[in-house]
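> I'd like to ask you about the structure that follows.
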């Protein structure tokens, strides 16, 4: 089952996200001999085969239903088996945007964990990018490698069991090994020619999700080399970790060091009616009149129920002003037919305003994101040659 592409229909062996609600989702690997049970009843895998992704499926007992969704990195983040603390959509989207990740990017990740961020990274840099992921815990590395292969990322993610804090990354010469004749370009300007190593313009990204990222920063500096611009992002839950990380970044020559925190603020959007003073007075009068009519109707019905005599009915009819002709018909239908709004009411409805309301409880802190840049050194691969005016002529 590939996360990189889309399928229209479900087949045996596919991964399906069973969606019950925003707070209740479950990953299912289709096996025609198995069933999925929840509070809404029994859902047979065999009945899911052949259905379209996104379709609605009722339970065998008829007590409820669920939606069969196509897996995506965002949905996988919500349903994956937790082996460690994971990154969620807010942090993932910010990191991806800030580091300008795109198809073809080369990324080094240390701290694979549950693979939440790895799935999003692989989808972003596919099909020509590479993700070099490192995990110091052997069992977690084995489980994550199996998930990457099953989800179609085996050709993009290279996972290795390694402690980068103690042993480094070990890929100094493998990220961009060798150059072809198409990777050097000549940019001709007035009186000079700039010979540019194309790889010197590429950014190598390193992401550290470690308890002590400052121990891996010296190895990160070696991985960047001198002719490349390197960028680093450190994911740290505690501010004390950020302090030590920033100190290590400064010691190792990183610049443009910044730290961000992503907090989610949910807003309940509503439309309210904005009234002028005259509209508010008229609205209050209309409500008072409507309330008076309702009280009279209740009183008349109560008297008719207690003592339904002809003479009493005549007296009850005197409670309301008599009307004849068209007015009488209009009053008779007032209780059952909704009256058409007048021009003033229509004008009041136009004056609407969108407002938002924040919840009493909001999701709090997840982590701090520390970014830094390692600048390249100009060498023979990036040089400017002076060309004489006579030669250029």
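The backbone N, Cα and C atoms fix where each Cβ goes, and this holds for glycine too.
Remember, predicted model here, so these are calculated numbers, not experimental data.
Reproduced below are the annotations present in TrEMBL:
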| type | residues | note |
| --- | --- | --- |
| BINDING | 135, 163, 209 | S-adenosyl-L-methionine binding site |
| REGION | 288-341 | region 'Disordered' |
| COMPBIAS | 309-332 | compositional bias 'Acidic residues' |
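Looking at the shown structure, can you explain where the listed features end up?
Classification of residue 135 (S-adenosyl-L-methionine binding site) by DSSP places it within a strand.
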> Among the binding-site residues listed here (163, 209), identify the one with the smallest other-Cβ count within 10 Å.
163
> What is the set of residues, excluding 135, 163, 209, whose C-beta falls within 8 angstroms of the centroid of the C-beta atoms at the S-adenosyl-L-methionine site?
110, 111, 112, 113, 134, 136, 137, 162, 164, 210
